[in-house]
Structures are given as C-alpha cells and as structure tokens.
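Per Swiss-Prot, these features apply:
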type    : residues          : note
DOMAIN  : 55-84             : domain '4Fe-4S ferredoxin-type 1'
BINDING : 64, 67, 70, 114   : [4Fe-4S] cluster 1 binding site
BINDING : 74, 104, 107, 110 : [4Fe-4S] cluster 2 binding site
DOMAIN  : 95-124            : domain '4Fe-4S ferredoxin-type 2'
C-alpha cells in the first residue's frame, strides 16, 4: 500500500507542476495579446525600408567610364559591360550594361567600389516575374528610378497605420 500512496503523491506533484507551467504559458500569451501586430497585409501595406537597404541596382549611363571594377569585385562576375575603345579620344565608350537580377545576390560590392558612383541601391524589392528572362535588366531598365513607397498613394505605410494605445 505504501507504493500506492507515493504514486498518488507523485501524481499530485506532477499535476501541480503542469498547472504551474500552463499558468505561466497563459500569462505570456496574455502579455502578447495587447502588442502591435508584427505582420502586415503585404500588397496593400508596406514597411518603410531602411536607408541602407540593398534593393534593385540603379545605373546612371552618363557617369559610367567602363572601367569594369564592378565586374571584378562581384563574387559571381555578374554585370555584363560591353565597351568599345575610341581611338580618337583615347577612352572607352560604353555600349551596353546589364545585370541579371535572377542571379544577383545583392551584396552591394559593385555599388561600394564604383569609382564614379554610377551605381546605387534603390528601395525596390519587388522583382518577381513569371519569366526569368524578364529579370535581365539592361541600361535602360536599370536607369529607371522606382516609385518610392512614401509617394505611392495606393499603399499604406507602417507610419500611417492606426496606433494602439498602451496602458
């Protein structure tokens, strides 16, 4: 009979311990219930990107001197730079510049090491397409600046969301 009594005591201790764990979990759950939601409704609401966000690369054709530093510092040799040497002015003339964003890892080395600052990172991150060949941007597509999230009147940014009053 003694083992049966110790069994009931152990069962009682385990029940109390389980109730305490459930109570602690409930307290944590209730403390999280009055917080601001982390998720957003993506197509209709967008978060503001940080100042140093590494999005799509913007290219300024007029500033490029075809030095190919961007190709040399790229870990995957991604930018394609076509140029022609002009003998009369003894300089390279840029013919074509393209980047395939399906392969790009957005490391930012090309932007950082460009001597003429003709490359910059934008806040555009919506690059999804149905055809992977549409991700190959030439100098015309790279030169278009995206519409900033702040200026897009169809989008509610995180700053425009209603505030939850804390106690």
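Cβ coordinates are placed from backbone N, Cα and C, and glycine is handled just like the others.
The shown structure was predicted, so the numbers you read here are calculated from the model rather than taken from an experiment.
Cα of residue 110 ([4Fe-4S] cluster 2 binding site) to Cα of residue 70 ([4Fe-4S] cluster 1 binding site): a distance of 4 Å. Taking the binding-site residues 64, 70 in turn and counting surrounding C-beta atoms within 10 angstroms, the largest count is reached at 70.
Close to the recorded [4Fe-4S] cluster 2 site, the chain also has 57, 70, 73, 75, 76, 78, 79, 99, 105, 106, 108, 109: residues not among 74, 104, 107, 110 whose Cβ is within 8 Å of the site's Cβ mean position. For the domain '4Fe-4S ferredoxin-type 2' (95-124), the list of distant contacts is 49, 52-65, 67, 69-70, 73-76, 78-84, 132, 135-139, 142, 145-146, 148-149: same-chain residues at least six beyond its ends, Cβ to Cβ under 8 Å.
Across the domain '4Fe-4S ferredoxin-type 1' (55-84), DSSP helix (H, G, I), strand (E, B) and coil residues number 5 helix, 8 strand, 17 coil. Sequence-distant neighbours of residue 104 ([4Fe-4S] cluster 2 binding site): residues of the same chain at least 6 apart with a C-beta under 8 Å from its C-beta are 57, 76, 78.
Within 10 Å of the C-beta of residue 67 ([4Fe-4S] cluster 1 binding site) there are 17 other C-beta atoms, taking all protein chains into account. Under DSSP, the residues of the domain '4Fe-4S ferredoxin-type 2' (95-124) split into helix, strand and coil as follows: 5 helix, 9 strand, 16 coil. Nearest in space to residue 74 ([4Fe-4S] cluster 2 binding site), taking C-alpha to C-alpha distance over the binding-site residues 64, 67, 114, is 114.
Each residue in the domain '4Fe-4S ferredoxin-type 2' (95-124) has a pLDDT score, and their mean in this model is 94.
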